[in-house]
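Reviewing the structure listed below.
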Amino acid sequence: MMASSYNAKEEDGHHSGSSTHGGTGAPKNKKPDNTAFKQQRLPAWQPILTAGTVLPAFFIIGLMFIPIGIGLYVTSNNIKEYEVDYTGVEPNSPCYDCANSFTWNSTTPCVCTVNFTLTQPFESNVYMYYGLSNFYQNHRRYVKSRDDSQLNGVQSSLISPSKECEPYRTNPETKQPIAPCGAIANSLFNDTLELYYSQPDGNTSKVTLVKKGIAWYTDKHVKFRNPGNDKDNLTERFKGTAKPVNWMKPVYELDPSDPENNGFINEDFIVWMRTAALPTFRKLYRIIQKKPDSTPTLASGKYFLKITYNYPVRSFDGRKRMILSTISWMGGKNPFLGIAYITVGSICFFLGVVLLIIHHKYDTRSNSADIPN
Amino acid sequence: MGMDFSTLRTLISRYCAGEENCVDTRTVYIGHKEPPPGAEAFIQQRFPDNRIVSSKYTFWNFIPKNMFEQFRRVANFYFLIIFLVQLIIDTPTSPVTSGLPLFFVIIVTAIKQGYEDWLRHKADKAVNQCLVQVVQHGKVSRKHSRKLTVGDVVYVKEDESFPCDLILLSSSRDDGTCYVTTASLDGESSHKTYHAIQDTKAYKTEEEVNYIHATIDCEQPQPDLYKFRGNINIYMGNEPVSRSLASQNLLLRGATLKNTEYIYGVAIYTGMETKMALNYQSKSQKRSAVEKSMNAFLVVYLCILISKAVINTALKYVWQADPNRDEPWYNGKTESERQRHVLIRAFTDFLAFMVLFNYIIPVSMYVTVEMQKFLGSYFIMWDDEMFDEELGERAVVNTSDLNEELGQVEYVFTDKTGTLTENNMEFIECCVDGNVYVPHIICNGQVMPGAAGIDMIDTSPGPEAREREELFFRALCLCHTVQVKEEETVDGIKHGIHQGKSSSFYISSSPDEVALVEGMKRLGFTYLRLKDGQMEILNREDEIERFELLEVLTFDSVRRRMSVIVRSSTGELYLFCKGADSSIFPRVVSGKMEQIKARVERNAVEGLRTLCVAYRRLSPEQYEQVCHLLTRAKLEFQDQDKLVAEAYDLIERDLILLGATAVEDRLQEKAADTIESLHKAGMKVWVLTGDKMETAAATCYASKLFRRSTQILELTTKRTEEQSLHDVLFELSRTVLRHYGSMPRDASSGLSSEYIDYGLIIDGATLSAVMRPSQEDSNSGNYKEIFLEICRNCSAVLCCRMAPLQKAQIVKMIKSSKEHPITLAIGDGANDVSMILEAHVGIGIMGKEGRQAVRNSDYAIPKFKHLKKMLLVHGHYYYIRISELVQYFFYKNVCFIFPQFLYQFFCGFSQQPLYDTAYLTLYNISFTSLPILLYSLMEQHINMDILKKEPTLYRDIAKNSLLTWPIFIYWTVLGVYDAIVMFFGAYFLFDNTTFTSNGQLMTTNTQMMFGNWTFGTLVFTVLVFTVTFKLALDTHYWTWINHFVIWGSLVFFVVFSLLWGGIIWPFLNYQRMYYVFMQMLSSGPAWLSIILLITASLLPDVVKKVFWRALWPTTTERIQAKRRRLASEPSTIFMLSQTSSRISF
C-alpha cells in the first residue's frame, strides 16, 4: 500500500507531481498556502514597450550617441599614424633583395633601409608597431602550440614540454626539449627595426626606442617566469634545453643586456606570444618617449628605417609593415567606432522622429474614438 | 531486480512448466494441501513470493541501468556522441565543454531518480517487512509479508489491508460477506461487499480453516481490477464440488477490510503478480504540440549545424589547396598528421566543426524545458482558486508534460453527469402506471397522488393498481446494490436514515441508487439491511418484510440495466429490473407503456434522469433454468463476459413494466459560465453522454451550451428513420455551408452580431452508422468527412446515448481530422476513462463515481468550473512561457554560435574556437540559464483577472501561433543579425587599425595589444549582455525574482570573468584567459564598443515590437495597454477594439 504512492514511472524525467499527493496519507489539509508567490500574485512592475515609452529612450540614445561619435571621430582623426611596408615585393623596393635572398641558415644578416618622410610632427609618446598580413596567428594548430606552464617557469615542463607543442617540442637531432616550445615561440618575429632621423642639417640621429613597457604588466610579472633559481645564471637555468629550430640564438640570449628582459620575460617575446585575433595584425614593437622639452617626439622630416631582414613572409604572401602612431584617450586610430556611434545615434534619432509621428497620429485617433463614448 | 526475476520466473513458468493450458490458468492448493490422488493431475507451478518491488534499481545495478536509461533518450545520446567524438579526435574544444554540462544533467537526473528509488526501497521494505498472520497447521502464526506464498491461508483483521490478492474463504459475518474499501486502489471510498465461497464460509476458526481441502483454478494475473474468474474444487465431501469464483470473491492487495471483524482468505496472486502491482505501469506518454514544434525546430537546427560543418569543411579544403596556407613554415604539422589520409582528415575536420558548432543545440534546453514543466506544474497544484472547500481537494497534476497544451485546446469533450452536473442526485418523482408520486407532498406516510400529475389518467387506484404500486416500491427497495452503513464517520456519500435506533447511511457506488432508495423511504418503504442473504424492508405498516436475495445481475454500461432475483417470504420468485428506458422498453411485454413513456419523455425534457422499473414473476422451473444459465456462464473461463451477457439477455425478458422514476442531477456551480467562457475562447464544446437526448439537451440549454439563438441540427435515429442517413447528412451540411459560404471566413474569430451558431445533436446509433467503415456503398466513406464538416461549423455538439468506447472514437475522429486540432476530454467516471486517455489532454473531475477518471487523467480538478482557470489562465501562461522559452533558447544559441562560424573565415577554417572553454561551457549552464528559466515560470503578460474576464484572449494563442515557422524564422534571423553585429563590430575594431587599451587606467602599463582571446571575450561579453537584455525587454512581469536573476546573472558573469582571469589556475594547462577580461575593461574603446554593440543588437527587435504594437496590435497588446483601466472596470471586447494604446511619457 505504501509502495503505491511511489508510482514507478517508466520514462525518465517524467515527473509526477501527484506522487506526493497520493491518496494514502492521512486526510491532511490539502488547502494550498495562500502566499503571493504560490498564487502567482507577487507584486510586479509591468512595463510594456509602446511607442510612447520607447520614444524618450530613442531620443536619449540618439542625442548621446551622436556627440560621442563625433568626439570619437575627431579624436581618431587627430591621431597621427604613418605606415611603411617593407616586405620587398616590388623589384624597386629597398628590401627586395633581402626578401628574395632569404635562406634559413644564412649567417650574415641582410640589412635594408627604407626612407620615408613625416609631413607632420608626432607629439607625445609615439608607438612603433610591426604589422604582419596574411599571417594566421589564430590558426588552431598554432594557437594551442605552446606550453603555458613552461613559460611560467615550471621546471618539469621545461624538461618535458606539453604534447601540444608538437612538432616543435624537441629538437629532432639532439632530442633535447625545446624552450620555449611550440609553433608560436618558434616563429617569433625577429626583424630588427631601427629608426633614424635625417636632420635638416644632414646629420642622422638614431631615434631612441624604448623596448620595455610594451607587454602586459601581468604577463611580464606573473604569467611569464624564467625557470629555476633567480640567483643562478640564466644560461644555467636553461641548461639541457634546445633553442627553437628557427631561432638564431637561444632564449637566454634574447636580450643579454638586461636580465629583467631576458629569457621568457623578454617583452618582445611576450608580445609575440599573445596570439592575434585576425590574420592581419600589428604588434607593439617599441615606444618613443616624448621629449622632456616641448619639441615634438618625432619632428616632421625625413627618416629612414633600418631593417635587419630575418623574417620570411613571401612564402605565404605575407606583408610586413612598420607603423608609427600616437594615441589618444580612446587608444589608437580607429575611425570605425566614431562612425558607428554616429550611425547608430542617427538611426535612433530618426526612428524616434518616426515613432513620434506614429504615436501622435495614433494618439489623436484613439482620442477621437474615445470622445463619443 | 526482484521484479525482473519474478517476471522472468513467470515467463519461465508460463512457457516451460507445461505445454498446453498453464498459459491461461494457475492452480492453487489451499493451505498447500495436495489434491486427492483421484483428482485431475495439476502441474504444480512456481509462484513468486510476496515481495513487492516498486523500486527500479538495486545498489549494484543503479549506475549501469540508470546510465543506460538516460542515454536511451535521443538528446542525451546525441550529447554523449559529441562528447565521445571530442575524446577521440583532436577537436577544437576540450571534452569538458560538452562533458561537464552533460554529466551535470546526467548526475542531477541520476540523483533525483536515485533518491526517488531510495524512497521506493524504503517503502517496499516497510511493506515487505510488515507482519501478516498465516494459518499453519491449525494455528495462526506471524510471518513477514514478503514470505507469503501462493496457497497460504491468511488471517486479516478489521482495518488491516490485504497483503496480497486473496480468495475470501470465510468471514466473521455469518453470511460470509465482508466489506472492503478500495480507497487506495481506485480511490473509491465506498464500501464494497465481497462474498465468501458458499462451501467454506462456515469455517470460521483457524482449526476449522485448516480442514479446508480444495484447489483453485484461476486465470493468470491480469491488471484489470474488476475482472476475475476462476473456480474452486472442494474435496471435502464424497464428491469433489466445483464452484465458480468471480471478482466478488477476490480481495485485492491494497484494499482494506472494514466493518468485518476478521476474514480468512487464500493467497492466489502474490508480490508483483497482484493486481495492484500489475497496475503500476504508467500510461502511454502524451506529447504536446509545443514539443512537436520544438522537435521540428531542432531538426532545422541540426540541418543548420550539419550544413555549417559541411560548408566549413569544404571551404577549408578549397582554402588549403595552397600548401603554404595548409602548412606555412611557422605552423608545421606533426608527422602523423601529414601521413593521415586526406579523407580521414576531412572527416575528422567535419566532426571537429560539428563539435565546434554543437552548442547550437544546447543540452541545457532539455533540462530547462523539463524543469520549467516540472516546477511550473506546481502553480496548478498551489492554486487557491482551484481548491474546493467542500471536497477538501485541490488540483492534481499527473503529468507536467502537457502544461502548455492547456493553452492550445480547440475541442473540449465533456461528460455530462458528474462533470457538468453535480452528480448529487435527488429523487423527484416516480410514476406508477401513470400515477405520479412526488415525495415531498407525502404526509404521515400517506401517499397522495402528485398534484402536478397532469398525465395522470387513473386517479383512483383500484386494488390491482395498489398492488402494482406496492410492487413498484418494493422493486426499487430491492433492485439495487446499496449498502447500509451504521457508522457516523464515512467518507463518501452520507445520507442519514433518521428513523431507527442508530444513525445509518446508504452507501453505493452509484448516487442514483442512493437517491432512489432514499426516495422510497420517503414514500414509506425503507430498506433496512441485507442480512444472511435476506433483504429486509420496512413497509408502510411498519412491518418488516424479508426477501431472499438469490441473484444480482449487476449493472453494466452496455446493458444499461440491472436486475435482482428475490424470493418473497411467501415463496414467490420475482425478477426486478431497472434501467434506462431504451433498454427496458424493448423487453417489456405488458404494462401501461404509453403513459409511462410520455412521462419519461416529459421528465427527460426537464433535464431529469429517468429510470424504468419492470418485473417478471418466475416460476420455480424458470428459476432453475436461470440458475443453470448463470452457473454455466460463470464457470467458463474463456468468453465468460460474453456468456454472462448472453445469459443476462435471456433472463431479462418478457418483463412487465411497473413505472418510472425521475431523479434530478443539478448543474454544477458556474458550469454555464465556464462553458460560455470556453465558447468565447474559441473552443468547441462537445458534450458526450450516455444519457438520453432530451435530458442531455435540457442540460445543454441550462449550461448555455446551446443558447436560445442556437440553431439546432439533429442527427438522430428518429430522423434517420424517416430519411436515409445520406440525405440527412447532406441536407445538414448544405444548411451549414450555405450560411458559412456567404460569410467571410474569418467572421468566426470576431463577435459579429450576424453570427448564427449551430448546435448539433447526434446519438450513439447514428454516430456508429456515420463512423462505420466504408461499406459496399462508396458514399459511406464520405459520411465521416461530411459529418466532420458539419461539426466544424457547429459551436456546440451534443452526443447522447454514447457508449464509453464511442466517446473515445469521437475524440479520435476529431483528433485525426485534417486540421489536427488539440482536444481535451474531461470527465469523472470510469466511462470517461477511454476518452480521457485518447484526448490530447485528459482531465479528471474528482467526482462521486470513484477515482478512475482521476487516476487516468493528466490533470485532475475538483470541479468543472476550475477548468476555466486551468485553460484560460494557466494554459495561456504556460503556453506563452514555454513558447518564449523555446524560441529564446534557439535565439541565444544562434547568437552564441554564429560568431564562431564567422570566425572560421578569418582563421583559416582551423576550427579555432572564438570563446574560451569556460565561456563555452558555462554560457548555457549559468550565464544565461536562470533568467529564462525564471521568466518561463513567472511571466504574466496579462493579469490573471483579465485573462479570466476576457476569454477571447485565448484565441490569440490558438493554433500554436507563437511557434509558427514565420516567428521561428524571425527569431533565428534576429539571432543571426545579432551575431553579425557582435562579430563584425568586434572585427572592425580589431581589424587593421589597432584596438588598444590606452593604459591610462593601469599606470604601469602604457600600450598593449589585444589577442584573439580578448577578441572572443569582447564578443562574448556583448553576447551575454545582449541576450539577457533581450529577455529583459520581453519580460512583462518584473517581480523581485526576475530582477534578481537577470541582474544577478550579469553580475555573476562579470564576477566570474574577473575571477577566471584573475588567477593562474593551477589545474589548467593553459593560462590564456589570464587578465584578459581586466585588460579589456581597462580600455575605453572596449566599453564604448560594448555599449554600442548591445544597442545596435537590440535596436531592430525593439523597433519591430513598437511598430507592430502601434500599427497592428493584437487583442493581447490592446489589453495590455489598457491594463490598468480594465482591472478597475468591467469592459467588453467591443470597447477594446476602439480603444488603443495611449500611454504617454
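Residue positions begin at 1 at the first shown residue.
Placed from the backbone N, Cα and C atoms, the Cβ positions cover glycine too.
Note that the structure is predicted; figures quoted are calculated from it, not measured.
Database features, via TrEMBL:
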- B:ASP415: active site, 4-aspartylphosphate intermediate (ACT_SITE)
- B:ASP415, B:LYS416, B:THR417, B:GLU513, B:PHE555, B:LYS578, B:ARG609, B:THR689, B:GLY690, B:ASP691, B:ARG801, B:LYS807, B:ASN831, B:ASP832: ATP binding site (BINDING)
- B:ASP415, B:THR417, B:ASP828, B:ASP832: Mg(2+) binding site (BINDING)
- B:44-98: domain 'P-type ATPase N-terminal' (DOMAIN)
- B:132-194: domain 'P-type ATPase A' (DOMAIN)
- B:854-1114: domain 'P-type ATPase C-terminal' (DOMAIN)
- B:71-89: transmembrane segment (TRANSMEM)
- B:296-319: transmembrane segment (TRANSMEM)
- B:350-369: transmembrane segment (TRANSMEM)
- B:918-938: transmembrane segment (TRANSMEM)
- B:968-990: transmembrane segment (TRANSMEM)
- B:1010-1032: transmembrane segment (TRANSMEM)
- B:1044-1068: transmembrane segment (TRANSMEM)
- B:1074-1099: transmembrane segment (TRANSMEM)
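Here the transmembrane segment (B:1010-1032) has Cβ contacts under 8 Å with residues 888, 891-892, 895-896, 899, 907, 912-916, 919, 923, 927-928, 931-932, 935, 978, 982-983, 985-986, 989-990, 995-997, 1046, 1049-1050, 1053, 1057, 1072-1073, 1076-1077, 1079-1080, 1083, 1086, 1089-1090, 1093-1094, 1097-1098, 1101 of the same chain, all six or more residues outside its ends. In the three-state DSSP scheme, B:ARG801 (ATP binding site) falls into the coil class. Here the C-alpha separation of B:PHE555 (ATP binding site) and B:ASP832 (Mg(2+) binding site) works out to 17 Å.
On the 0 to 100 pLDDT scale, the domain 'P-type ATPase N-terminal' (B:44-98) averages 82 in this prediction. Away from its own ends, the transmembrane segment (B:71-89) comes close to residues 95, 97-99, 101-102, 105-106, 348, 351-352, 354-355, 358, 361, 363, 366 of its chain (Cβ-Cβ under 8 Å, at least six residues beyond either end).
In this structure, B:PHE555 (ATP binding site) is part of a beta strand by DSSP. Long-range Cβ neighbours of the residue listed as 'active site, 4-aspartylphosphate intermediate' (same chain, at least 6 residues apart, Cβ-Cβ under 8 Å): B:VAL687, B:LEU688, B:THR689, B:LYS807, B:ILE826, B:GLY827, B:ASP828, B:GLY829, B:ASN831, B:ASP832, B:ILE845. When Cβ atoms from all protein chains are considered, those within 10 Å of B:ASP832 (Mg(2+) binding site) total 34, not counting its own. The transmembrane segment (B:918-938) makes contact with the transmembrane segment (B:1044-1068), as judged by at least three Cβ pairs under 8 Å among residues 6 or more apart in sequence. Within the same chain, residues 325, 346, 349-350, 353-354, 357-358, 360-361, 886, 890, 901, 904-905, 908-911, 963, 968 sit at least 6 positions outside the transmembrane segment (B:296-319) and bring their C-beta atoms closer than 8 Å to a C-beta of that stretch. Within its own chain, B:ARG609 (ATP binding site) has B:THR417, B:MET425, B:ASP512, B:ALA662, B:VAL663, B:GLU664, B:ASP665, B:ASP691, B:THR695 as residues 6 or more apart in sequence whose C-beta sits under 8 angstroms from its own. Across the domain 'P-type ATPase N-terminal' (B:44-98), the DSSP tally of helix, strand and coil residues reads 29 helix, 0 strand, 26 coil. The helix, strand and coil residue counts that DSSP assigns across the domain 'P-type ATPase A' (B:132-194) are 7 helix, 37 strand, 19 coil. B:ASN831 (ATP binding site) has a Cβ environment of 23 other Cβ atoms inside 10 Å.
The binding residues for ATP are recorded as B:ASP415, B:LYS416, B:THR417, B:GLU513, B:PHE555, B:LYS578, B:ARG609, B:THR689, B:GLY690, B:ASP691, B:ARG801, B:LYS807, B:ASN831, B:ASP832; their greatest pairwise CA distance is 24 Å. Cβ neighbours within 10 Å of B:PHE555 (ATP binding site), excluding its own Cβ and spanning all shown chains: 19.
In the three-state DSSP reading, B:ARG609 (ATP binding site) counts as strand. The Cβ of B:ASP828 (Mg(2+) binding site) has 31 other Cβ atoms within 10 Å, all protein chains considered. Using a 10 Å Cβ-Cβ cutoff, B:ARG801 (ATP binding site) registers 22 neighbours. All chains included, 22 other C-beta atoms sit within 10 angstroms of the C-beta of B:GLY690 (ATP binding site). In the three-state DSSP assignment, the secondary structure recorded for B:ASP415 (active site, 4-aspartylphosphate intermediate) is strand.
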